[in-house]
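Below is one structure, written out as structure tokens; the observations come after it.
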Amino acid sequence: MAEFVRAEVLGTKFEYTTRYVNPQPIGMGSFGLVCSAFDQITQQPVALKKIMKPFDSSSLAKRTYREIRLLKYLRHENLICMRDIFISPLEDIYIATELLGTDLGRLLSIKPLDSKFSQYFIYQILRGLKYIHSANVIHRDLKPTNILINENCDLKICDFGLARLQEPQMTGYVATRYYRAQEIMLTWQRYGVQVDVWSAGCILAEMLRRKPLFPGKDHVHQFHLITNILGNPPDAVIEKITSKNTVNFVKSLPSREPRDLSTVVPKDTDFDAIDLLKKMLVIDPDTRISAQDALRYPYLAPYHDPTDEPVASGPFDWSFDSADFPKETWKIMIYSEVLDYLNVDNPADPAPFDPSTPFDPSALEREFSEFLSDSGQI
């Protein structure tokens, strides 16, 4: 049986196995605390995420079960990888993942990104989304703080707690407002993987213009900002709105023509970047570009390699997600998943980019390491 050490971190009890030493807080959210630590077995730094009180309610337990299942299934070099999981004596759940030095939100708050970094980062985001979407999974909460980056320019998408199956009926309130697709705000009952492409488009725009594109103060203000730039929703979009009040609101808006997106980014922005942005920020999700097709766009040509942009082995098994079990049942299922993970030989982390491919990232890595050093991030 594993031995545990108890520490006090930011006023919170942090229990971890003796495999890990020197926990240091790096993040705190509504669902848990994240600390950096050193893994004495792998001799590598890790991020230890504490999921607090996962068995307090059936909804929390189900969310935790979903996240564990997704982390076990989704394995791709642009997604965060689970390296260990354990349940503490106080019955909190701890998940160890690789530790990356910073996140995109922190970088963007410090200094502007060079255009070549923006280009490489959106490529990796779309590469990860192609894989996620091929597994029939929608991330639903893509934002700069969920994009982790290390000094080698490696990018990984994290936080799958809100991820969902693409299905006919979907709940509406997800994603941080700035990056939320308009079909979610318009209370559609059905939306799909295109919401992640919209979020990625908002992130690309923010990297290019050095500030958020749609910094809405509330739901209504957010929608006004979108229509001020992209114009009024077409009839095909309005017809899919299920709320009469929302339909009346949309129809009451003054007529607005879409602006050229070249007017909302710096004048020296690459034409191909603007062209891709136009395809990602299409109001009608049925005509919005997919992650897979976006990877083929000229803007990403320096990195695009169809032989090195993998898809999932098959769709993720969502059969549990419609279940309405009591928290005790979810607890048993979580314990089973943890034991299953610990009792099998888990595959190694996904391999880094193959240096034999046409793109050699070494020069970009050196420049980005200097960028991080100048920014005080390493």
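Yeah, the Cβs are placed from backbone N, Cα and C, and that goes for glycine too.
Since we're looking at a predicted model, the values are computed, not measured.
As written in Swiss-Prot, here are the features:
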type     : residues                                                             : note
DOMAIN   : 20-300                                                               : domain 'Protein kinase'
BINDING  : Ile26, Gly27, Met28, Gly29, Ser30, Phe31, Gly32, Leu33, Val34, Lys49 : ATP binding site
ACT_SITE : Asp141                                                               : active site, proton acceptor
MOD_RES  : Tyr173                                                               : phosphotyrosine
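Everything Swiss-Prot records as a feature, shown here on the structure.
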residue: Ile26; record: ATP binding site; contacts (Cβ under 8 Å, 6+ apart): Val34, Cys35, Ser36, Ala47
residue: Met28; record: ATP binding site; contacts (Cβ under 8 Å, 6+ apart): Leu10, Val34
residue: Gly32; record: ATP binding site; contacts (Cβ under 8 Å, 6+ apart): Lys49, Lys50, Ile51, Met52
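The Cβ of Val34 has fewer other Cβ atoms within 10 Å than any other of the recorded positions Val34, Asp141. The DSSP secondary structure for Asp141 (active site, proton acceptor) is coil. When pLDDT values are averaged over the domain 'Protein kinase' (20-300), the model yields 90.
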